[in-house]
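Report on the following structure.
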Amino acid sequence: MEIEKGIERLNDQQVEEFVQKNIILTSLDAVFNWARGRSLWPLSSGLACCAIEMMATGASRFDMARFGYEVFRPSPRQADVVIVAGTLTWKMAPAMKRVYEQMAEPKWVIAMGACACTGGPFNESYAVVPGVDKILPVDVYIPGCPPRPEALLDGMLKLKEKIQDPSKARVKHG
Amino acid sequence: MVKFLLDEFEPAQLSNLLGQEVAIAGEGVSRALIVTPEQLIATMEALVTKLGFDYLGDLTSVDRGAEGLEVVYHLYSLTNQREIRVKAKVDAETATVPTVTTIWPGADWFEREVYDLMGISFAGHPNMTRLLLPEDFEGHPLRKSYKLQKRV
Ligand code: SF4
């Protein structure tokens, strides 16, 4: 009853202010994306040396948990983002693709390191996929051999931006 | 310090012991017993039974270009603590040697790897399929004649 009385005493302008301070109008998508971008669960998918940097990023010194990204999942069913950390060989490619397909939507892919971006030092090899974008739709590319943990964190934050505002990064998936 | 059996025997002495006309070639660590694919199994069996080479350390291969292919066996005797290297020479067209999985079962994956990358078949092998490369891969990439090509 107290509150009702209070509202009765507000004039129009005060009511507007009151509403603006206490009610947020948004689309459901925007809320979900806001949450998704802040709590990405990566799949633990280390393929080569880059995986060591990925582990370092998760450990205490660089502390991925600051951003809400520390929950590395061993199962694709529980993961939002796959960080392809390392060299993808043609032998491994069907397994990687399958794991990606097992992830629930929405899902994202980060290509970590020169190998995942382009094949890196093994670009011309008979055994190595020259860039994971040949088999998966990549959202963020992180160059380096290997990229430092800061670079991976930066990549994850770029992905966060992209998730929250998809218009920010319009890339053609191929 | 590893001791090499070939440093301790004369070629004639060894041929006598193995009951095979074998040659020895190379210097230092690449000194090896040279055999033909036909002699291989008998030589290996003699090495196991007469000289105690009970352990196959490695099995690999070399493409010598015009001189053909070589399958290289690194043997070790756990009882006598001696090492020996055996090379079977085979030409690139036939590219077939008998399997040694009958003597050392551990040769299984070594031989599959050699088959996969060098294209040498091992007659009598229980499962002569690719080991490292995808099943639909064409060619044998460690051959000197292999041309690198784009897959995508
Ligand atoms: S980019 Fe460099 S560090 Fe990363 S997996 Fe490839 S070779 Fe290893």
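Each residue, glycine too, has its Cβ placed from N, Cα and C.
Now, the feature entries from TrEMBL:
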- A:49-159: domain 'NADH:ubiquinone oxidoreductase-like 20kDa subunit' (DOMAIN)
- A:Cys49, A:Cys50, A:Cys115, A:Cys145: [4Fe-4S] cluster binding site (BINDING)
Reported in the order helix, strand, coil, what are the DSSP residue counts of the domain 'NADH:ubiquinone oxidoreductase-like 20kDa subunit' (A:49-159)?
49 helix, 16 strand, 46 coil
Around the [4Fe-4S] cluster site formed by A:Cys49, A:Cys50, A:Cys115, A:Cys145, which additional residues qualify by having Cβ within 8 Å of the site's Cβ center?
A:Ala48, A:Ala85, A:Gly86, A:Thr87, A:Met112, A:Gly113, A:Ala114, A:Ala116, A:Gly120, A:Gly144, A:Pro146
Taking the domain 'NADH:ubiquinone oxidoreductase-like 20kDa subunit' (A:49-159) alone, what is its mean pLDDT?
93
Which residues does A:Cys49 ([4Fe-4S] cluster binding site) neighbour through Cβ under 8 Å, counting only same-chain ones at least six apart?
A:Gly86, A:Pro146
Same-chain residues six or more away whose CB lies under 8 A from the CB of A:Cys50 ([4Fe-4S] cluster binding site)?
A:Ala85, A:Gly86, A:Met112, A:Gly113, A:Cys115, A:Ala116, A:Pro146, A:Pro147
Which number gives the other C-beta atoms within 10 angstroms of the C-beta of A:Cys145 ([4Fe-4S] cluster binding site), all protein chains shown included?
12
